[in-house]
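A.B. asks: Before I ask anything, let me first share the structure, which is written out below as structure tokens.
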Amino acid sequence: MGAATAPRIPSTRLALHHFDTSYSLHLGALWPSVRAALLCEQKYGALLNNFAAADHVPQELELLNATNFISEASQKAQHWQQGAAVGEARGCQDGSGEGRTVMQAGMVTQAEMSPPFCTSISSKIKCYTFPRGDITRFRPARPDSLGLLDYYLMDAASLLPVLALNVQPDNFVLDLCAAPGGKTLALLQTGFCGHLAANDVSISRTKRLYQILHSYVPKEVRDTVSVTSYDGRDWDQVEGGTFHKVLVDVPCTTDRHSAMEEDNNIFHKRRTKERQMLPMLQLELLMAGILAAKPGGEVVYSTCSLSPLQNECVVERALDIAETQFNISIHAEDLSHFRTLFQDTFSFFSDCRLGELVLPHLTANFGPMYFCKLRRTVVSALLVAVVQHCPFSLGTMVAMALSCHG
């Protein structure tokens, strides 16, 4: 049979073949169960809309046996910190710590090693999920008396990057790849954004973002959001070094979609080059996010892929280029406490070199969702001026850095 008449291999089959080849090596014995979950119905969470008059909704959802998983995690964090504080106080009373019980010594060690949980979880963001193994579906969202919808259905794992960003009052926040808008909406639920810039290169996807904002957010809050359609890689030329928090939720292989849907599938043969260039695009976007952050600012990088080439490898390259090419001191923060706090809701991969990865699981079919938090510490004022007036684009500078490093 000639090439002209050969049947086209479905993009979903190409995706699964690629995943079987690469993820079986990366995930090992975990891959068969993750693969099965990817091919089953995705689980959702209901992000409550704080702007809607919907005080009855929490009780309604709790009667269905759904729980606010973020509130539960926050309570767990507080209990852990209180226990650690008690252990530390007992240690202080004992002077050098001699005479403490093994349990007390362990509590102090845990307190010393653990990140500050209370500052990590925003209680303003409320999301309800059904328990593990419960495949109940949420009803469609309903409007309140002013027409604002009461909740937004989304992959609950998508909230973890937003929670990791830990927005504080009056922060200037950039959502560099904002469409279709779920994470943007979650950022607004904190009530802390002094200003939110929501950008996405796709005009059609930006229209979807506008729809989300109009369906969930009152006008006076929408007015604090600037929606743009720039190429995110060029953001440093628009507004560099000005944001306290930056979310970089990059385009990726969208593994669940690629395994299940033919429409707009990046594994279509016509999109081979685009797919191969994804890590470079992701790196350029992350570098743009880093340059958009103030010194001392924080950046969260996220994907909905299991691929280490799109996850840890991109972050590692960005850290290297930031330091060697831009003289920016930046480090990846330890997010292992997220695994502890959210293990009742999500299944996590325990072997990420950097960041955290939610694995799809048949009893908790969220994700995949990778997220890594970076903190920018020191940057030379001279370097800022050089970057702002450099004749090369960020993409060119990243390419030059990559060529220098092989």
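Numbering starts at 1 and runs along the chain as it is shown here.
Backbone N, Cα and C define each Cβ position, glycine as well.
Reproduced below are the annotations present in TrEMBL:
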type	residues	note
DOMAIN	72-377	domain 'SAM-dependent MTase RsmB/NOP-type'
BINDING	Cys177, Ala178, Ala179, Pro180, Gly181, Gly182, Lys183, Asp200, Asp231, Asp249	S-adenosyl-L-methionine binding site
ACT_SITE	Cys304	active site, nucleophile
A.B. asks: Same-chain residues six or more away whose CB lies under 8 A from the CB of the residue listed as 'active site, nucleophile'?
C.D. replies: Asp155, Ser158, Cys252, Thr254, Asp255, Arg256, Gly367, Pro368, Met369, Tyr370
A.B. asks: In sequence order, which residues at least six apart in the same chain have a CB under 8 Å from the CB of Asp231 (S-adenosyl-L-methionine binding site)?
C.D. replies: Val201
A.B. asks: Within its own chain, what residues at least 6 apart in sequence put their Cβ under 8 Å from the Cβ of Ala179 (S-adenosyl-L-methionine binding site), listed in sequence order?
C.D. replies: Asp200, Ser202, Arg205, Thr206, Arg208, Leu209
A.B. asks: State the three-class DSSP label for Asp231 (S-adenosyl-L-methionine binding site), counting H, G and I as helix, E and B as strand, and everything else as coil.
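C.D. replies: Its secondary structure by DSSP: coil.
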A.B. asks: Using a 10 Å radius around its CB, how many other CB atoms surround Lys183 (S-adenosyl-L-methionine binding site)?
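C.D. replies: So the number of other Cβ atoms within 10 Å of Lys183 (S-adenosyl-L-methionine binding site) is 24.
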A.B. asks: Take the Cβ of Gly181 (S-adenosyl-L-methionine binding site) and count every other Cβ within 10 Å, whichever protein chain it belongs to.
C.D. replies: 26
A.B. asks: Of the residues named as S-adenosyl-L-methionine binders, Cys177, Ala178, Ala179, Pro180, Gly181, Gly182, Lys183, Asp200, Asp231, Asp249, how far apart in Å are the Cα atoms of the most distant pair?
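C.D. replies: Pairwise Cα check on Cys177, Ala178, Ala179, Pro180, Gly181, Gly182, Lys183, Asp200, Asp231, Asp249 gives a maximum of 20 Å.
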A.B. asks: Across the domain 'SAM-dependent MTase RsmB/NOP-type' (72-377), what is the average pLDDT of the model, as a whole number?
C.D. replies: 90
